[in-house]
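Feature list (source: TrEMBL):
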DOMAIN    3-82  domain 'GST N-terminal'
DOMAIN    87-214  domain 'GST C-terminal'
Amino acid sequence: MAEEVKVFRSWSSPFPLRVIWALRLKGVKFDVICEDLFNKSPLLLQYNPVEKKVPVLVHNGKAICESLVILEYIEETWKQTPLLPEDPYQKANARFWAKFSDDKVFQSIKWDVLLKEGKEQEEGILASLQNLRYLEEELRGKKFFGGEAIGLADLALGWLAYYLNIFEEVAGLKLVDQESFPSLVAWMQEFANAPVVHGSWPDRDKLAEKLVAMREAGLGKETHK
(Lines of atoms letter the chains of each structure in order from A and count residues from 1; the text may use other names and numbers.)
(Lines give C-alpha, C1' and ligand atoms only; values in the text may rest on other atoms or scores of the structure.)
Protein backbone atom coordinates (compact mmCIF):
# COMPACT_ATOMS: atom_id res chain seq x y z
CA MET A 1 0.00 0.00 0.00
CA ALA A 2 1.32 3.44 -0.95
CA GLU A 3 2.31 5.87 1.77
CA GLU A 4 -0.08 8.69 2.57
CA VAL A 5 1.84 11.96 2.81
CA LYS A 6 -0.04 15.25 2.95
CA VAL A 7 1.12 18.79 3.69
CA PHE A 8 -1.32 21.38 4.96
CA ARG A 9 -0.16 24.87 4.02
CA SER A 10 -1.45 28.38 3.39
CA TRP A 11 -0.68 30.25 0.20
CA SER A 12 1.47 32.94 1.82
CA SER A 13 3.28 31.41 4.79
CA PRO A 14 6.98 30.56 4.38
CA PHE A 15 6.91 27.87 7.07
CA PRO A 16 5.17 25.09 5.08
CA LEU A 17 7.66 25.65 2.27
CA ARG A 18 10.37 24.14 4.46
CA VAL A 19 8.37 20.93 4.58
CA ILE A 20 7.73 20.92 0.84
CA TRP A 21 11.43 21.50 0.07
CA ALA A 22 12.50 18.75 2.47
CA LEU A 23 10.11 16.22 0.96
CA ARG A 24 11.28 17.14 -2.53
CA LEU A 25 14.90 16.71 -1.48
CA LYS A 26 14.07 13.27 -0.12
CA GLY A 27 12.15 12.33 -3.26
CA VAL A 28 8.96 11.68 -1.27
CA LYS A 29 5.66 11.98 -3.11
CA PHE A 30 3.06 14.08 -1.32
CA ASP A 31 -0.21 15.94 -1.71
CA VAL A 32 -0.72 19.57 -0.73
CA ILE A 33 -3.86 20.90 0.96
CA CYS A 34 -4.01 24.70 0.86
CA GLU A 35 -5.84 26.15 3.83
CA ASP A 36 -7.71 29.42 4.19
CA LEU A 37 -6.56 30.47 7.66
CA PHE A 38 -9.60 32.71 8.04
CA ASN A 39 -11.86 29.75 7.39
CA LYS A 40 -9.96 26.71 8.63
CA SER A 41 -11.09 23.32 7.45
CA PRO A 42 -12.37 20.63 9.83
CA LEU A 43 -9.41 18.50 8.75
CA LEU A 44 -6.86 21.11 9.86
CA LEU A 45 -8.63 21.50 13.20
CA GLN A 46 -8.70 17.72 13.55
CA TYR A 47 -5.01 17.27 12.81
CA ASN A 48 -3.79 20.31 14.77
CA PRO A 49 -6.43 20.99 17.45
CA VAL A 50 -3.96 22.61 19.85
CA GLU A 51 -2.40 25.36 17.69
CA LYS A 52 -4.71 25.29 14.66
CA LYS A 53 -1.76 26.33 12.49
CA VAL A 54 0.01 25.31 9.32
CA PRO A 55 2.12 23.50 8.40
CA VAL A 56 0.87 20.08 9.33
CA LEU A 57 2.40 16.93 7.89
CA VAL A 58 0.10 13.91 7.79
CA HIS A 59 1.93 10.61 7.32
CA ASN A 60 -0.25 7.52 7.14
CA GLY A 61 -2.94 9.20 9.24
CA LYS A 62 -0.58 10.58 11.89
CA ALA A 63 -0.21 14.35 12.17
CA ILE A 64 3.04 16.18 12.94
CA CYS A 65 2.97 19.93 13.62
CA GLU A 66 5.48 22.81 13.75
CA SER A 67 7.78 23.19 10.77
CA LEU A 68 11.11 22.50 12.51
CA VAL A 69 9.66 19.47 14.28
CA ILE A 70 8.33 18.24 10.94
CA LEU A 71 11.78 18.58 9.37
CA GLU A 72 13.23 16.41 12.12
CA TYR A 73 10.48 13.83 11.55
CA ILE A 74 11.16 13.80 7.81
CA GLU A 75 14.87 13.31 8.47
CA GLU A 76 14.26 10.36 10.77
CA THR A 77 11.59 8.75 8.60
CA TRP A 78 13.22 8.99 5.16
CA LYS A 79 16.96 8.38 5.38
CA GLN A 80 17.88 9.26 1.80
CA THR A 81 19.53 12.65 1.10
CA PRO A 82 20.31 13.54 4.73
CA LEU A 83 19.34 16.99 6.00
CA LEU A 84 21.71 16.71 8.96
CA PRO A 85 25.39 15.68 9.11
CA GLU A 86 26.48 12.66 11.10
CA ASP A 87 28.91 14.58 13.33
CA PRO A 88 27.11 15.50 16.60
CA TYR A 89 28.66 18.98 16.79
CA GLN A 90 27.78 19.85 13.20
CA LYS A 91 24.29 18.46 13.74
CA ALA A 92 23.81 20.66 16.82
CA ASN A 93 25.14 23.66 14.89
CA ALA A 94 22.60 23.12 12.09
CA ARG A 95 19.79 22.93 14.64
CA PHE A 96 21.04 26.12 16.29
CA TRP A 97 20.83 28.11 13.04
CA ALA A 98 17.43 26.65 12.22
CA LYS A 99 16.11 27.82 15.58
CA PHE A 100 17.92 31.15 15.16
CA SER A 101 15.91 31.68 11.97
CA ASP A 102 12.61 31.63 13.84
CA ASP A 103 13.60 33.10 17.19
CA LYS A 104 15.74 35.97 15.88
CA VAL A 105 15.84 36.53 12.11
CA PHE A 106 12.18 36.20 11.18
CA GLN A 107 11.05 37.81 14.42
CA SER A 108 13.21 40.91 14.01
CA ILE A 109 12.66 41.46 10.27
CA LYS A 110 8.93 40.88 10.03
CA TRP A 111 7.54 41.88 13.40
CA ASP A 112 10.09 44.53 14.42
CA VAL A 113 10.85 46.13 11.04
CA LEU A 114 7.99 45.47 8.63
CA LEU A 115 5.20 46.04 11.15
CA LYS A 116 6.77 48.82 13.21
CA GLU A 117 7.50 52.51 12.71
CA GLY A 118 9.64 55.21 14.27
CA LYS A 119 11.97 54.35 17.12
CA GLU A 120 10.65 50.79 17.43
CA GLN A 121 11.42 50.16 13.78
CA GLU A 122 14.89 51.70 14.13
CA GLU A 123 15.62 49.31 16.97
CA GLY A 124 14.28 46.46 14.86
CA ILE A 125 16.54 47.42 11.97
CA LEU A 126 19.61 47.38 14.22
CA ALA A 127 18.65 43.98 15.63
CA SER A 128 17.93 42.61 12.15
CA LEU A 129 21.25 43.79 10.76
CA GLN A 130 23.12 42.16 13.64
CA ASN A 131 21.27 38.89 13.11
CA LEU A 132 22.03 39.01 9.40
CA ARG A 133 25.71 39.66 10.15
CA TYR A 134 25.79 36.47 12.19
CA LEU A 135 24.48 34.61 9.14
CA GLU A 136 27.05 36.31 6.93
CA GLU A 137 29.86 35.18 9.21
CA GLU A 138 28.54 31.62 9.38
CA LEU A 139 28.27 31.38 5.58
CA ARG A 140 31.68 32.84 4.76
CA GLY A 141 33.57 30.45 2.51
CA LYS A 142 30.63 28.04 2.19
CA LYS A 143 28.03 27.36 -0.49
CA PHE A 144 25.36 26.33 2.02
CA PHE A 145 25.24 26.40 5.81
CA GLY A 146 26.32 22.77 6.02
CA GLY A 147 28.80 22.88 3.15
CA GLU A 148 28.09 21.82 -0.42
CA ALA A 149 24.49 20.60 -0.09
CA ILE A 150 21.21 22.01 1.22
CA GLY A 151 20.56 20.96 4.80
CA LEU A 152 18.34 21.70 7.77
CA ALA A 153 19.61 25.24 8.37
CA ASP A 154 19.20 26.16 4.70
CA LEU A 155 15.62 24.91 4.69
CA ALA A 156 14.84 26.88 7.84
CA LEU A 157 16.37 30.09 6.51
CA GLY A 158 15.36 29.58 2.88
CA TRP A 159 12.48 32.05 3.16
CA LEU A 160 15.09 34.84 3.07
CA ALA A 161 15.81 34.08 -0.58
CA TYR A 162 12.38 35.37 -1.60
CA TYR A 163 10.53 37.02 1.25
CA LEU A 164 13.34 39.33 2.39
CA ASN A 165 13.28 41.45 -0.76
CA ILE A 166 9.50 41.80 -0.55
CA PHE A 167 9.68 42.75 3.14
CA GLU A 168 12.27 45.39 2.24
CA GLU A 169 10.15 46.72 -0.62
CA VAL A 170 7.01 47.02 1.51
CA ALA A 171 8.89 48.63 4.41
CA GLY A 172 10.70 51.01 2.05
CA LEU A 173 14.23 50.14 3.14
CA LYS A 174 17.19 47.92 2.32
CA LEU A 175 18.79 45.55 4.80
CA VAL A 176 20.95 43.31 2.61
CA ASP A 177 23.20 44.29 -0.29
CA GLN A 178 26.10 42.69 -2.15
CA GLU A 179 28.73 44.93 -0.60
CA SER A 180 27.80 44.38 3.05
CA PHE A 181 26.58 40.78 2.82
CA PRO A 182 28.36 39.07 -0.11
CA SER A 183 28.16 35.55 1.36
CA LEU A 184 24.50 35.88 2.31
CA VAL A 185 23.56 37.25 -1.11
CA ALA A 186 25.44 34.42 -2.85
CA TRP A 187 23.70 31.86 -0.62
CA MET A 188 20.25 33.32 -1.32
CA GLN A 189 20.92 33.08 -5.06
CA GLU A 190 22.16 29.49 -4.76
CA PHE A 191 19.17 28.46 -2.69
CA ALA A 192 16.62 30.17 -4.93
CA ASN A 193 18.12 28.41 -7.96
CA ALA A 194 17.96 24.94 -6.40
CA PRO A 195 15.62 22.61 -8.34
CA VAL A 196 13.63 21.69 -5.20
CA VAL A 197 12.76 25.36 -4.70
CA HIS A 198 11.54 26.12 -8.22
CA GLY A 199 7.85 26.87 -8.50
CA SER A 200 7.21 26.92 -4.77
CA TRP A 201 7.09 30.64 -4.02
CA PRO A 202 3.78 32.50 -3.65
CA ASP A 203 2.79 35.11 -6.20
CA ARG A 204 4.99 38.14 -5.57
CA ASP A 205 2.40 40.86 -6.24
CA LYS A 206 -0.26 39.10 -4.20
CA LEU A 207 2.16 38.62 -1.29
CA ALA A 208 3.31 42.23 -1.42
CA GLU A 209 -0.31 43.37 -1.42
CA LYS A 210 -1.03 41.28 1.66
CA LEU A 211 2.05 42.61 3.49
CA VAL A 212 1.13 46.20 2.64
CA ALA A 213 -2.32 45.61 4.13
CA MET A 214 -0.77 44.06 7.24
CA ARG A 215 1.63 46.96 7.64
CA GLU A 216 -1.12 49.55 7.22
CA ALA A 217 -3.43 47.76 9.63
CA GLY A 218 -0.70 47.06 12.16
CA LEU A 219 -1.91 43.48 12.49
CA GLY A 220 -0.60 41.09 15.12
CA LYS A 221 0.97 37.71 14.51
CA GLU A 222 -0.54 35.41 11.91
CA THR A 223 -1.67 31.95 12.82
CA HIS A 224 1.10 29.95 11.26
CA LYS A 225 4.60 28.90 12.10
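Positions of Cβ are set from backbone N, Cα and C atoms, glycine also.
Automated prediction, rather than curation, is the source of TrEMBL annotations.
Taken together, the residues in the domain 'GST N-terminal' (3-82) have a mean pLDDT of 98 on the 0 to 100 scale. Remark: secondary structure over the domain 'GST C-terminal' (87-214) totals 89 helix, 2 strand, 37 coil, with classes taken from DSSP. Across the domain 'GST N-terminal' (3-82), DSSP helix (H, G, I), strand (E, B) and coil residues number 29 helix, 18 strand, 33 coil.
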